[in-house]
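Undergrad: So Swiss-Prot has the following annotated:
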- 63-83: region 'Disordered' (REGION)
- 104-163: region 'Interaction with the F-box domain of F-box proteins' (REGION)
- T131: phosphothreonine (MOD_RES)
- K142: SUMO1 cross-link (CROSSLNK)
Amino acid sequence: MPTIKLQSSDGEIFEVDVEIAKQSVTIKTMLEDLGMDDEGDDDPVPLPNVNAAILKKVIQWCTHHKDDPPPPEDDENKEKRTDDIPVWDQEFLKVDQGTLFELILAANYLDIKGLLDVTCKTVANMIKGKTPEEIRKTFNIKNDFTEEEEAQVRKENQWCEEK
């Protein structure tokens, strides 16, 4: 199987099967635009927005999911679920918050829908059922509202909390 070289933002080069790399719509489009469709090339494809540690994780995820069917198109009317993350992905995403957020940014930049979906669902699950104070604590967010501002926001959004 032909391979391609991917270069991370910090200069590390990864040799990857072309079919695995093409799970990224961004890389697939680059290869098509450069006329490097399947024959491979010695010049690495630069990925200036992804460092080596994160690119290594992305390649690991893509390798595991190489035989998956393409993810379905989003249906605007369909309710989004966050309880359908495969066990392998749950284990794979047991990383620190910084790494998780870097994976979201990389999946978005590289346009890998399946990875973007599971990383965002993981963050959604970290938020689900928590109070604003618990969410702030989880994500180390400083509350910069004055007491008056907070009271005003609570008043305006009171309907949200009614059960």
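A Cβ is built for glycine as well, from the same backbone N, Cα and C atoms used for every other residue.
In the displayed structure, how are the listed features positioned relative to their neighbours?
TA: The DSSP breakdown of the region 'Interaction with the F-box domain of F-box proteins' (104-163), given as helix, strand and coil counts, is 44 helix, 0 strand, 16 coil.
There are 8 other Cβ atoms within 10 Å of the Cβ belonging to T131 (phosphothreonine).
K142 (SUMO1 cross-link) has a Cβ environment of 6 other Cβ atoms inside 10 Å.
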Undergrad: What's the CA-CA gap between T131 (phosphothreonine) and K142 (SUMO1 cross-link) in angstrom, rounded?
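TA: On Cα coordinates alone, these residues lie 14 Å apart.
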